[in-house]
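Asks: So TrEMBL says this about it:
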- CYS344: active site, proton donor (ACT_SITE)
- GLY240, GLU275, PRO276, GLY277, ARG278, TYR373: pyridoxal 5'-phosphate binding site (BINDING)
- ARG278, ARG315, TYR319, GLU345, TYR373: substrate binding site (BINDING)
- 30-371: domain 'Orn/DAP/Arg decarboxylase 2 C-terminal' (DOMAIN)
- 42-281: domain 'Orn/DAP/Arg decarboxylase 2 N-terminal' (DOMAIN)
- LYS61: N6-(pyridoxal phosphate)lysine (MOD_RES)
Amino acid sequence: MDHFQIIDGELHAERVPLSRIAAEIGTPVYVYSRATLERHARVFNEALSALPKKHVAFAIKANPNLAVLRVMQREGFGADVVSGGELARALAAGMPGQDIVFSGVGKLEREMVQGLDAGIGQFNIESEEEGIELAAVAAARGQRAACALRVNPDVDARTHEKISTGKAENKFGVPIDRAAGIYARLAGLPGLDMRGVAVHIGSQLQHLQPLEDAFIKLGALIAELRAGGQTVTHADLGGGLGVTYKAGEVYPTPAEYGAMVARICGSWDVTLMFEPGRVIVGNAGVLLTRAIRVKRSSNNTPFVIVDAAMNDLARPAMYGAWHDFEAVKPTGQRMTAHIVGPICETGDTFAMDREIDALVAGDLAVFRTAGAYGATMASSYNSRGFVAEVMVDGDQFAVVADRILPEAITSAERVPAWLD
Ligand SMILES: *Cc1c(COP(=O)(O)O)cnc(C)c1O
């Protein structure tokens, strides 16, 4: 459920007509709904209400905007971060260090130091080599880093290959059959406090079964570790729940997920940790765009050329992803069209042969479900700058990220004297 609805013939974000945002801020622009963000956070929390000890860390990479993070912080969420930049954002949004989990295969020494300085709650270690390095960094500072070992359970998440993370050939985690030995060796290092295990098998998952398979393997590992005398007080189950991009598709609900987790993991006697990203923010945002012109093609299907492009919303070009596309003021007329951006790449295509609301040049439209992995994946390709972001709250809205103009990007560039 979201708060982007037609009211009096026009698509609104909560009670704000999208044409008002376009008029005041320009297009393309990402628009987020505070009420939708809050609703999704609460639904997720409710789904876990049967679990006695839990911690929810919003996966910042899905949408790192500071205002979005502040909403999450107010809902009691911590953060799952994968870089020093994300760690700084979580802290800037007011999230306590203790509520922050640091994941990622390539943590730098300075990022480890940054995490230790911030007193973060947990490092998710992705290799024995990384654990040894972190131990040395922490010990040199007289600290012990609280850690979980991320394991690769070798399950097929049945999602897009580029966002599958739990197969043996993926770079994430340590092979689960070697995890007990690695855990024991790391637990012997003075700089580490090995307290748990972690798993995250992929994103945009449409089925609970792969998650259940991974959790069963994780439960067996916990038992094995304890039998070997290790302490395990935390189990991080990652994120991954999919959302509906195409009207009619069915995804597991947070409640179904929560029930499965309670069934499989409820007796582990650990604090269960969660790292949801997409399921919280995906449907809470749209990318508002304007049709620049409608161009005839050689085979009668017109190209609707919009002012948003693959640099603003990369998912269609990167993953072949579908985003529903709707006119802001639908007339009831329909057309079949290709939806493309202005960038000089054939990959800058949002949809081919799509039946959409009829549009003419100047009309506004939205790509739905753009709140996750949208603005955060933007680039400035074709020197287009970075798109603005707006958050709506009831009948008010605010710019939560300024548009970054091409000139601002050029101003960071230098021509060396020896080229003069
Ligand atoms: C990306 C990521 C998540 C969030 O994934 P979603 O599919 O957005 O829920 C959680 N944990 C880790 C380690 C990740 O890399």
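Count begins at 1; order follows the chain as displayed.
Any Cβ shown, glycine's included, is placed from N, Cα and C.
I'd like to know what surrounds each of these features in this structure.
Replies: Here CYS344 (active site, proton donor) comes close to ASN382: these same-chain residues lie at least six apart in sequence, with C-beta atoms under 8 angstroms from its C-beta.
Take the CB of GLU275 (pyridoxal 5'-phosphate binding site) and look out to 10 A: across all protein chains shown you find 25 other CB atoms.
DSSP assigns GLU345 (substrate binding site) to coil, not to a helix or a strand. Spatially close to GLU345 (substrate binding site) yet at least six residues away along the chain are MET310, ALA317, judged by Cβ distances under 8 angstroms.
For the domain 'Orn/DAP/Arg decarboxylase 2 C-terminal' (30-371), the model's pLDDT averages out at 97.
Cβ neighbours of LYS61 (N6-(pyridoxal phosphate)lysine) (same chain, under 8 Å, six or more residues apart in sequence): VAL82, GLU86, GLY277, TYR373, THR376.
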Asks: Less than 6 Å between Cβ and the nearest atom of ligand 1 is the rule; apply it to the binding-site residues GLU275, PRO276, TYR319, GLU345, TYR373.
Replies: GLU275, PRO276
Asks: Max CA to CA distance in Å over the substrate-binding set ARG278, ARG315, TYR319, GLU345, TYR373?
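Replies: Overall maximum Cα spacing for these binding residues reaches 27 Å.
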Asks: At a 10 Å cut-off from the C-beta of TYR373 (pyridoxal 5'-phosphate binding site), count the other C-beta atoms across all protein chains.
Replies: 23
Asks: Taking the residues the record says bind pyridoxal 5'-phosphate (GLY240, GLU275, PRO276, GLY277, ARG278, TYR373), how far apart in Å are the two Cα atoms that sit farthest from each other?
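Replies: Largest Cα to Cα distance for the pyridoxal 5'-phosphate-binding set is 15 Å.
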Asks: Check the Cα-Cα distances from ARG315 (substrate binding site) to the binding-site residues GLY240, GLU275, PRO276 and tell me which is shortest.
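Replies: Checked the binding-site residues GLY240, GLU275, PRO276; minimum Cα distance to ARG315 (substrate binding site) goes to GLY240.
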Asks: Are there any residues in the same chain, six or more apart in sequence, whose C-beta is under 8 angstroms from the C-beta of GLY240 (pyridoxal 5'-phosphate binding site), and if so which?
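Replies: GLY240 (pyridoxal 5'-phosphate binding site) has long-range Cβ partners ALA157, THR159, HIS200, ILE201, GLY202, SER203, GLN204, LEU205, LEU211.
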